[in-house]
Amino acid sequence: MGFSSLLTTCRYLLYSGAGNSFILGESMPSLEDVLFLCQEEMVDGFLCVESSEIADAKLTVFNSDGSIASMCGNGLRCAMAHVAQCFGLEDVSIETERGVYQGKFFSMNRVLVDMTLPDWKKAERKLTHVLPGMPEQVFFIDTGVPHVVVFVSDLSKVPVQEWGSFLRYHEDFAPEGVNVDFVQRKKDDLLLVYTYERGCERETLSCGTGMLASALVAADIFSLGQDFSIAVCSRSRNLIKIFSEKGKVFLEGPVSLLNRSENFGWLEPKSRRFG
């Protein structure tokens, strides 16, 4: 299979997956590198794309605090776009901590991944204690990483940082903690979602697994049927499409290549290939 790395003249690339921003490299970074790079570029994480014996490539996702995330939906789509362009592929497979994910690269505006898991571990929960004005009923779901979905009537009135931090460390979800998604239903097939991400410890402009979690819970509680299609808008105002078809659930949206490390100003270009 022919391979042409996008990193032949630089060490890192800066990607955005519908507003989720990442540094991408093709060798395993040190913890110090992850912390420095994420802080310097103010990004949500580091994507390490390497060779795989069971897929087109292997992806390791680092949160901006240096911890490893078992899954990142928008990061996975960025990695798929990167690998698709390196190998000249349309169908792409990526090995992750949660198994091998299959995706399809149509264009940078349309990168799709099959996010189906055998068990989403969905459960409605009543919180043991809440902050003033916060709903008591929430929904837990695992879309590769754990999420708590909170439906509200008006997202503009939600203090995302305060409520998000409170729920992320809530004793009901200890010790691992959760990502927190605040959701407003705009139409039958349109959700507005703001996410506080574990590992970033703040609200991010977009979160693929959070948008997926919100759509899956909405499909259940609003009885949208087994085969559904929901558009999800994040803080970045990018739209992600979540749809179910023949028992599988897909995440689809745009990916952008924002910058290369020779333009970052603080790195020397260095050739690097995985494989």
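From the backbone N, Cα and C atoms, a Cβ is placed for every residue, glycine too.
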Identity of the substrate-site residue among ASN20, ASN259 (reference: ASN63, GLY73, ASN74, ASN179, GLU197, ARG198, GLY208, THR209, source: Swiss-Prot): ASN20
Cβ-based neighbourhood (8 Å from the centroid) of the substrate site, residues ASN20, ASN63, GLY73, ASN74, ASN179, GLU197, ARG198, GLY208, THR209 excluded: ASP44, ALA69, MET71, CYS72, GLY75, VAL145, THR195, THR204, CYS207, GLY210
Conformational class of THR209 (substrate binding site) under the three-state DSSP mapping: helix
Count of other CB atoms lying within 10 Å of the CB belonging to CYS207 (active site, proton acceptor): 36
Pairwise CA distance, ASN20 (substrate binding site) versus CYS72 (active site, proton donor), rounded so that it is a whole Å: 10
